[in-house]
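Structure first, commentary second.
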Amino acid sequence: KVQHSSAIKKKKGRRYCCGYPISIFFIVVNEFCERFSYYGMRAVLVLYFRYFLLWDDDLATSIYHAFVALCYLTPILGAIIADSWLGKFKTIIYLSIVYAIGQVTMAISTIHDITDANRDGTPDNFTFHIALSMLGLILIALGTGGIKPCVAAFGGDQFQEHQSRQLNTFFSVFYLCINAGSLLSTLITPLKSVASTLMVFIAGSGMYVKTDPEGNIMWSVCKCIGFAIKNRFRHRSSSYPKREHWMDWANEKYDKLLIAQIKMVLKVLFLYIPLPMFWTLFDQKGSRWTLQATTMSGDFVSILISTVNPILILTLVPIMDRLIFPLIQKCGLNFSPLKRMTVGMLFAAMAFVSAALVQIEIDKTLPNFPSSSESQLKVVNTYSTTLNVTISPNEHLLIESFGSSADYVTFDHQDITVSLNTNPVITKAFSLIKGGRQTLIIPSDPTVMRDFVLRHGEQWCEFSRKFGFGASYTFLIPSTVFSDDCESITEVEDMKPNSVHMALQIPQYFLITTGEVMFSVTGLQFSYSQAPKNMKSVLQAGWLCTNAVGNIIVLIVAELGKLPKQWAEYLLFASLLVAVSIIFSIMAYFYTYIDPAEIEAQVRKEQGLEPEEMEKETLEMEEKDEDQKNEQGVKQTKI
Ligand SMILES: C[C@H](N)C(=O)N[C@@H](CCCCN)C(=O)O
């Protein structure tokens with residue numbers, strides 16, 4: 001009774017606008033700023049690993065997914081801190097500070113000048129940058145993951161039982177704000193938004209409904225499950241009568257209501273088992289697909305590609321909600337949440353087939369690099385006449401003056417002898433690097449090896465040449481360049497620029513985002529609707545964990561799988577998801593949707609708890625009347 005009246009006192013302090021608590025405005029803006037900062041950093045993370053820390057594709061992909069996995073594991077920690085110690089409001093404030101420190105640390109780690117003593121544009125001490133960026137990422141994961149379950153639930157706390165319509169609208173707007181934040185982050189620098197996140201959230205402080213920590217429900221759930229298992233094991237002999245459900249073995253010690261609630265949660269958690277596979281594919285947008293884009297051409301399209309997901313979410317969510325789903329329902333088809341999620345998985349699998357097809361096109365244009373046992377050599381001739389170059393035993397090249405061999409010549413051995421048809425004939429032996437590409441430059445006077453330094457500052461040559469993205473060039477600079485003219489510098493193209501256009505990635509982004517709307521948005525709503533009121537955070541944490549496991553799967557496949565062809569890896573993931581979606585559809589077929597409130601009411605009734613419930617309902621009815629008066633007041637003022 002005391003609890004109820006104090007809760008109502010708090011609720012009476014609420015202020016409304018158009019039927020919505022004003023406080024949710026601050027929460028939605030806070031989420032917008034937080035996602036803005038998170039996605040802004042994540043968009044370039046794999047490129048930072050690849051081109052600043054100079055890691056290879058597999059390591060960059062693995063660390064990226066380890067970070068994302070950590071971001072989706074820390075919500076468990078955030079939920080525990082909020083529920084059992086600080087409450088949601090303080091948890092959001094404190095972890096936002098941790099988050100901000102992480103973003104600043106990460107930003108500092110990208111300043112190469114800190115260790116670039118010789119000012120050559122690359123850091124001299126990679127260990128320092130790696131350590132700092134890893135510290136930054138851990139703090140960001142703690143911050144973002146920790147506040148993630150609290151912000152959505154804190155938003156939900158601002159509403160009352162009878163406001164389910166407003167609550168649904170809040171969650172849709174919440175998801176749209178996430179995507180608006182993600183969209184803007186790719187266009188504007190994200191760092192300032194961390195500070196804005198905190199300020200906006202604190203600004204609404206006086207208006208929030210702040211519920212006190214209710215004790216750690218996750219811990220109670222674990223203890224109850226642990227006891228049921230132990231008790232079942234103790235009574236394993238066939239002489240003990242069987243119980244309807246294995247959780248009923250907790251009856252001796254735990255409240256029937258808690259057991260009924262855990263049964264509902266376990267049913268949904270069981271259904272979650274195949275879900276990580278969707279995230280395995282979905283989150284590769286930020287790693288493998290970003291790296292794929294670096295091997296393609298197109299300038300402004302890169303911005304389009306990075307914004308296509310949030311733009312599509314912003315347009316597809318209302319289209320699906322208002323048009324497609326009602327239309328399907330009108331056709332008499334039952335497109336239940338679990339069916340939508342299965343279709344979402346199939347869309348993601350199609351996205352990966354599309355990515356594989358694009359990869360096959362890219363591979364056709366990529367240079368043929370040597371395998372680990374081969375070596376490659378290109379010969380460049382700066383001699384004054386055309387030369388006949390023989391590379392033992394049977395490679396003959398005719399190279400004109402200031403020209404080069406058409407492409408790299410591949411050898412399956414490392415020791416070669418090069419002969420030139422000069423007068424006298426010059427022959428020299430070389431040992432090539434295994435698995436490497438090298439260029440042999442024949443100097444203007446091949447009998448003499450001359451070193452030269454091209455000084456800049458005193459004299460220079462200007463080029464107005466647009467280099468193709470992904471290309472590599474060698475410039476042949478004759479010793480007479482400064483006395484002569486810049487025209488005498490010759491360019492040799494070692495690697496052709498990327499030629500497959502980035503626009504080809506649009507279908508895969510379209511397919512994965514349609515999958516996201518069907519899977520992620522529906523899954524979030526499904527988890528919320530099937531969870532008992534006090535266990536919504538448990539199911540949200542479980543839902544986020546499926547995301548973490550999905551990222552761990554990529555990490556394992558990237559590190560262990562090492563498929564020789566990227567397109568084969570895409571097809572492997574697509575096939576795995578199709579297989580998993582079939583399993584999921586079978587599990588979904590046997591799932592019966594529940595109304596947790598109804599089941600709870602039934603258990604309460606069995607326990608003879610109706611009087612308390614009725615009292616609560618009476619209090620809520622009074623509250624509802626007052627809120628309606630409040631809303632009407634707003635409407636009348638408007639009129
Ligand atoms: C930006 C993206 N489309 C999005 O909506 N992200 C959501 C859900 C992410 C779930 C999987 N990683 C977010 O909360 O960031």
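Residue positions begin at 1 at the first shown residue.
Placement of Cβ uses the backbone N, Cα and C atoms for every residue, glycine included.
TrEMBL labels come from automatic prediction, so no person has curated them.
Per TrEMBL, the feature compositional bias 'Basic and acidic residues' maps to 616-632.
The region 'Disordered' feature in TrEMBL is assigned to 605-639.
Outside the transmembrane segment (20-39) by six or more residues, the chain places 14, 92, 96, 99, 103, 140, 144, 147, 151-152, 154-155, 158-159, 166, 169-170, 173-174, 177-182, 184-186, 188, 190-191, 193-194, 196-197, 200-201, 203-204, 207-209, 310 with a CB less than 8 A from a CB of the stretch. As annotated by TrEMBL, transmembrane segment applies to 20-39 (among others).
Look at TrEMBL and you will find 59-80 (among others) tagged as transmembrane segment.
Listed as Cβ neighbours of the transmembrane segment (92-114) (distance under 8 Å, sequence separation of 6 or more from its ends, same chain) are residues 30, 34, 37, 41, 48, 52, 78, 81, 86, 121-123, 128-129, 132-133, 135-144, 146-147, 150-151, 154, 190-191, 194-195, 197-198, 201-202. Under the heading transmembrane segment, TrEMBL lists 92-114 (among others).
TrEMBL lists 126-147 (among others) with the feature transmembrane segment. Packing against the transmembrane segment (126-147) from elsewhere in the chain are residues 34, 38, 41, 48, 52-54, 67, 70-75, 77-78, 81, 91-92, 95-110, 112, 114-115, 544: each is 6 or more residues past its ends and has a CB under 8 Å from a CB in it.
The feature transmembrane segment is assigned by TrEMBL to 167-187 (among others). With a cut-off of 8 Å between Cβ atoms, the residues of this chain six or more beyond the transmembrane segment (167-187) that come close are 20, 24, 28-29, 31-40, 43, 152, 155-156, 159, 193, 303, 306-307, 309-311, 313-314, 317, 321, 521, 524-525, 528.
If you look up TrEMBL, you'll see 264-282 (among others) marked as transmembrane segment.
Long-range contacts of the transmembrane segment (302-320) within its own chain (CB-CB distance under 8 A, at least 6 residues past either end) are made by residues 39, 43, 172, 175-176, 179-180, 182-183, 186-187, 285, 293, 502, 505-506, 509-510, 512-514, 516-518, 521. Per TrEMBL, the feature transmembrane segment maps to 302-320 (among others).
According to TrEMBL, the transmembrane segment annotation covers 341-360 (among others).
If one looks beyond the transmembrane segment (538-558) by at least 6 residues along the same chain, the residues whose Cβ comes under 8 Å of a Cβ in the stretch are 58, 61-62, 65-66, 68-73, 75-76, 79, 145, 148-149, 152-153, 217-218, 221, 265, 268-269, 272, 275-280, 282-284, 287, 523-524, 527-528, 530-531, 569, 572-573. Residues or ranges marked as transmembrane segment in TrEMBL: 538-558 (among others).
Same-chain neighbours of the transmembrane segment (570-594): 264, 267, 270-271, 273-275, 277-278, 280-281, 284, 288, 336, 338-339, 341-342, 345-346, 348-350, 352-353, 355-356, 359, 530, 557, 561, 563, counting only residues six or more beyond its ends whose CB sits under 8 Å from a CB of the stretch. Marked as transmembrane segment by TrEMBL: 570-594 (among others).
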